[in-house]
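Written below as structure tokens is the structure these notes are about.
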Amino acid sequence: MEGMAQHPVPRTVEEVFSDYKGRRAGLIKALTTDVEKFYQLVDPEKENLCLYGFPNETWEVNLPVEEVPPELPEPALGINFARDGMQEKDWLSLVAVHSDSWLLAVAFYFGARFGFGKNDRKRLFQMINDLPTVFELATGTAKQSKDQLTAHNNGSNSKYKSSGKSRQSESQTKGVKMSAPVKEEVDSGEEEEEDDDEQGATCGACGDNYGTDEFWICCDMCEKWFHGKCVKITPAKAEHIKQYKCPGCSIKKPRIG
């Protein structure tokens, strides 16, 4: 495949992990921020289609490679045929599961090809396992709920960054969904616990962890949290949004037929 030939072959554990992260980021984009475009490309009327992720964090829907056996393990074949026969959420979850399987297959293909020993394989798996899966991010089951991102940037004057003193109820926070999440019920003695929770918070688009110097926004529909840059929302733009819908929720509307 043309996209695969453009990237150097990883040979060390770190290089294989970097390759894995790049491909994973591309697949996450396809199933979250670019989901509308992805949905349209996966046409059931076309031949067997696959979803590919590349090391440069891009993705592509294409036919499988013609060479047999292929140079790399191939992703699930014919994902387009089930698109209209399932609920959209279930179909995307299925694609995400197969995407995770493919990512592992590619990573350990490189490991086998370049003779990784037991310790290298174990280290590679641990590095991979420390990241949320594509499935977890695409379905919102990764740790990123309002209960996990709490008061950040204490002392900040921004209305979109809640401080340790601004403990608000759910009804009060609805109007400032762009701020870091606030717990509904928080005791003063839980602040240390909150710091631990926020370490595991991840963006629903790119899968990266929360950074205190970054702007985040929460979807009012699915309650996933996203980097503003990942969903192309700035603090200024967010100020005029009454109810924010992420790209995935924006296309979830009744389909005829």
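Note that Cβ sites are derived from N, Cα and C of the backbone, with glycine treated the same way.
The stretch that Swiss-Prot tags with zinc finger, taken from the ranges 41-93, 200-252, is 200-252.
Using a 10 Å radius centred on the Cβ of TRP216 (site 'Histone H3K4me3 binding') and all shown protein chains, the other Cβ atoms total 27. Taking CA atoms as the reference points, TYR210 (site 'Histone H3K4me3 binding') and TRP216 (site 'Histone H3K4me3 binding') are 8 Å apart.
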